[in-house]
Amino acid sequence: MTSPLLEAVALACERDWRMLFEHLELRLTGGDMVQISGPNGSGKTSLLRLLAGLMQPTSGQVLLNGQPLHAQRAELARNLLWIGHAAGIKELLSPEENLSWLCALHQPARREAIWQALAAVGLRGFEDVPCHTLSAGQQRRVALARLYLDSPPLWILDEPFTALDKQGVAQLEEHLAGHCERGGMVVLTTHHSLARMPSGYRDIDLGRWAA
């Protein structure tokens with residue numbers, strides 16, 4: 001059996017004195033796409049944040065290459081890309097400046113690569129304009145352009161289709177599936193029904209793990 005890149009072991013999460021889920025198990029290997037589903041308040045975003053190392057579990061642990069996630073910050077940055085529900089961009093900066101800044105935190109990217117990534121998400125001609133002049137959908141595309149740069153193998157995405165039009169949704173679906181088919185991994189939440197799923201797709205319903 002292939003060793004997982006990321007593994008959740010007996011994971012439990014409590015928020016505001018309420019146990020959202022417990023005893024959760026998850027293994028991620030190349031080619032996997034995992035959709036986290038469940039009713040509102042079931043802990044979908046909390047689970048993503050736990051897997052991304054942005055929160056600590058109430059009990060259990062998250063392992064990266066078999067070792068505790070919290071002890072491997074540099075290794076985590078090399079292996080994982082997180083895009084949250086909010087666009088997470090600086091509105092006074094341009095799309096190019098935002099991507100340059102985000103990439104500089106982990107792996108700097110050439111200007112040509114950044115422009116190609118922005119073109120891939122339909123932002124050709126908007127590279128140098130302040131992001132506060134862009135629509136919500138365009139701002140979302142700025143964040144998603146990171147997926148078109150040289151990026152880590154594991155993508156953790158919270159509602160990535162938010163504010164995208166029909167064409168943008170179809171393009172992103174294809175890109176996510178292609179990433180998995182090339183050996184990458186995706187964990188995501190979405191209220192959108194996926195039309196394009198790789199062979200490694202599976203759904204985890206947090207209702208099964210509710211306390």
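Using N, Cα and C of the backbone, Cβ positions are placed for all residues, glycine too.
Noted in Swiss-Prot for the protein shown:
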BINDING   Gly38, Pro39, Asn40, Gly41, Ser42, Gly43, Lys44, Thr45  ATP binding site
DOMAIN    6-206  domain 'ABC transporter'
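Features recorded in Swiss-Prot, as mapped to the structure shown.
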residue : record           : Cβ within 10 Å
Gly38   : ATP binding site : 20
Pro39   : ATP binding site : 11
Asn40   : ATP binding site : 5
Gly41   : ATP binding site : 11
Ser42   : ATP binding site : 18
Gly43   : ATP binding site : 25
Lys44   : ATP binding site : 23
Thr45   : ATP binding site : 16
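The average pLDDT for the domain 'ABC transporter' (6-206) in the predicted structure is 94. Shown in sequence order, Leu20, Ser46, Leu206 are the same-chain residues outside Gly38, Pro39, Asn40, Gly41, Ser42, Gly43, Lys44, Thr45 whose Cβ sits within 8 Å of the Cβ centre of the ATP site. In this structure, Asn40 (ATP binding site) belongs to neither helix nor strand by DSSP; it is coil. Following the DSSP three-state reduction, the secondary structure of Thr45 (ATP binding site) is helix.
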